[in-house]
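Take a look at the structure below.
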Amino acid sequence: MNPYILSPLLFGLGLGTTITFASSHWLLAWMGLEMNTLAIIPLMAQHHHPRAVEATTKYFLTQATGAAMLLFASTSNAWLSGQWDIQQMSHPLPITLVTLALALKVGLAPLHSWLPEVLQGLDLTTGLILSTWQKLAPFALLLQIQPANSTLLVALGLASTLVGGWGGLNQTQLRKILAYSSIAHLGWMVLVMQFSPSLTVLALLTYLIMTFTTFLVFKLNNSTNINTLATSWAKAPVLTSLTPLVLLSLGGLPPLTGFMPKWLILQELTKQDLAATATLAALTALLSLYFYLRLSYAMALTMSPNNTAGTTPWRLSSLQATMPLTISTTATLFLLPLTPAAVALLMT
């Protein structure tokens, strides 16, 4: 894409999120979300491929529905209570509507079905923006309203962890697997949001780091399905040996970074006398772990097939900058020892 076109679009993405972050009025927050949506749509459709156009259309329709619900809920709140302030929502009906609208915007189950289809139609770079940056603004609003209906949040969280684990089991396309992974991680964040918002922020930060690393690895290998992972040994052997650890960190295995938020969330849920919820969430994490192990197996423990269609590709040097991948991989693997510092920060 032409840099003169790309720069305003990226600026619009950043500005939309910043406006939503900084706003205390519902109309300003809504405007920031709309700017976000409108800025990413040309990025999604830039390849003029039927799949990309279809994904863009689906994304536009779901985001427009979420924005309309949000506007209706905030107007209803102003009508019922005379308040446009985000933190002054008191009536249960607008709060529930706003929560569902934001759940649709980020892709929480059962409002998730657009996310795997949209992500599958995009290239990995735009998919990375959609999976990371586009989650920030809706989460900022969810954290501000602090929905009083904790049952709804716990139900959304459990449904998301279950759907995120179950849906990814039979997938062979990496982008769909990452979409279901995203749904599962968002479910963990929403589960604990009512009880410890700072823990949700910690889980979101670790999710952003791990997802950033995974997308960059797949982009470096130019992989979009499981079969192409088997040829990655020829391209980047050191990275291929580290990638299973990155995937297991996404799955939440100790002693990797991904274990930290899951451990603290389960601890917090147990403190809130939600032992059954914590047990169910931990069991759904095993479903997610299965498809991460599947990817690890395909990448590190299998040889590429020797038929004509599966021959090893040319070992051309990649043009992708490796410094961001180096930093994010290190963070994905080695941040667990900082858990006491993170807990101390959460307590303050």
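Glycine is treated like the rest: Cβ placed from N, Cα and C.
TrEMBL lists 23-287 with the feature domain 'NADH:quinone oxidoreductase/Mrp antiporter transmembrane'. Per TrEMBL, the feature domain 'NADH dehydrogenase subunit 2 C-terminal' maps to 289-341. Annotated transmembrane segment per TrEMBL: 60-80, 92-115, 151-170, 177-195, 201-221, 233-254, 274-293, 325-347, in sequence order.
Residues 124-125, 127-128, 131-132, 135-136, 139, 143, 174, 178, 181-182, 185-186, 188-189, 192, 228-229, 232, 235-236, 239, 243, 246-247, 249-250, 257-258, 260-261, 264-265, 318, 320, 322, 324-325, 328-329, 331-332, 335, 342, 346 of the same chain, all 6+ positions outside the transmembrane segment (201-221), place their C-beta atoms under 8 angstroms from a C-beta of that stretch. The transmembrane segment (177-195) makes no contact with the transmembrane segment (325-347): fewer than 3 of their CB pairs lie within 8 A, with pairs spaced 6 or more apart in sequence.
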